[in-house]
């Protein structure tokens, strides 16, 4: 299980997209936009956008649309991006290092405080001035540095055990890149990220037309 949400996850997953697009509009000095214009750009119906935003009070004006800066600032607060969060990465392999090197997270308030691994040869390695440390010290580090989020980038064999350790140490949320769906207490936030899911979606779309041609042909044979 994971901590329950008040608003549906489908709505929550659309909010970062709205926020990202509004940020681009601000950079292009766009002052206002209608829900219809927003829907055309994002591939979501205008009705869906209004319904999503109404979960948080609604921000548009009849006949005017949305003030881009105001809506962006409101979504920043709704997403909790007006706050800062202390994070650690478990796993200093290629994926862990790639995430550690992604500076945009810090710009959004996610401050990387430590990186942990089981490989002694990696201890002391610095990635953007953040040192790789022994995983056996992680509980003490979490307590001393008030860590909010643990980012798991380790093989699935050790993922659940490591997640349990983080939870016992007081971690509030886990962003899991290990290829396994973890189980955590109801009061812990868990986001499982399976990178292969997106790639498999791409492969499906590449083959979709051919797939349905075959299915249509097989159906025609049966009917004949």
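Just so it is clear, glycine is given a Cβ too, placed from its N, Cα and C backbone atoms.
Just so it is clear, the model here is predicted, and its values are computed rather than measured.
According to Swiss-Prot, the feature DNA-binding region maps to 17-56. Away from its own ends, the DNA-binding region (17-56) comes close to residues 7, 11, 64-69, 71-72, 74-76, 78-79, 81 of its chain (Cβ-Cβ under 8 Å, at least six residues beyond either end).
Annotation comment: Swiss-Prot describes 91, 92, 93, 94, 95, 96 as NAD(+) binding site, evidence class sequence analysis. Residue 92 (NAD(+) binding site): 25 other CB atoms within 10 A of its CB, across all protein chains.
The sparsest Cβ neighbourhood within 10 Å, among the listed binding-site residues (91, 93, 96), is found at 93. Neighbouring residues of the recorded NAD(+) site, listed in sequence order and excluding 91, 92, 93, 94, 95, 96, comprise 89, 97, 98, 99, 117, 153, 154 (Cβ within 8 Å of the Cβ centroid). In the DNA-binding region (17-56), helix, strand and coil residues by DSSP number 28 helix, 2 strand, 10 coil.
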